[in-house]
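Listed in TrEMBL for this protein:
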DOMAIN    51-175  domain 'DUF218'
TRANSMEM  6-23  transmembrane segment
Amino acid sequence: MKNRSLIIFLLCITLILLSIIYFPRSLLIDFLFYEDEVKHSDLIILNSGNSERMKKVAELYHSGYADKVLLTNALSSDSTIEYAESFGISRNDILTENAATSTYESAHYTKEILLDHEYKSAIVVTSNFHMRRTRLAYERVYHDTNVNFIYVPFNHESITRDSWKENEELFMKEYKNLIGGYFLYFDGVITPVREWFEDE
């Protein structure tokens with residue numbers, strides 16, 4: 001099993017390197033960005049990791065797209081209850097999850113909360129360039145549920161589809177972690193591969 005995982009891993013890395021060399025960079029970057037049409041949902045989930053993401057959460061909340069907000073990794077300075085309140089989000093409308101340290105864990109630890117409250121839909125907010133990997137994580141974790149997700153990004157002014165040169169390192173790291181997302185949570189993944197894909 002370990003040998004098979006290593007072979008698959010090396011093949012995927014080879015394909016990614018070939019893609020970087022031969023595919024137009026605009027297509028590679030465009031793939032990272034994903035966005036759904038926003039619709040009313042049971043709650044909004046904030047994936048922590050950047051203080052600006054709360055702006056989008058507050059915008060959606062105050063626009064009436066959801067009455068509740070779930071903060072992942074709520075002990076982090078960019079996703080505390082107090083920080084959410086500073087954007088006018090009522091404490092009574094806030095749920096928290098304090099254990100997540102990665103994108104996948106955010107999906108994993110929110111699952112019990114959503115199922116316990118019998119929520120059927122949620123808007124997931126994260127950074128624009130980070131949305132493809134976020135979608136992968138939530139779809140993998142919630143594949144056995146009926147929860148419907150809508151993915152709505154916070155659009156950073158300095159991080160766009162056209163900013164390859166300025167953000168090349170950031171985009172390459174995101175691609176590395178996106179590929180890692182296909183491996184990390186399957187049984188039999190070898191330790192060196194797992195350690196290489198340390199998530200944010």
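Heads up, the Cβ atoms here are built off N, Cα and C, so glycines get one too.
Helix, strand and coil residue tallies for the domain 'DUF218' (51-175), in that order: 54 helix, 21 strand, 50 coil [DSSP]. Confidence in the domain 'DUF218' (51-175), given as mean pLDDT, stands at 88.
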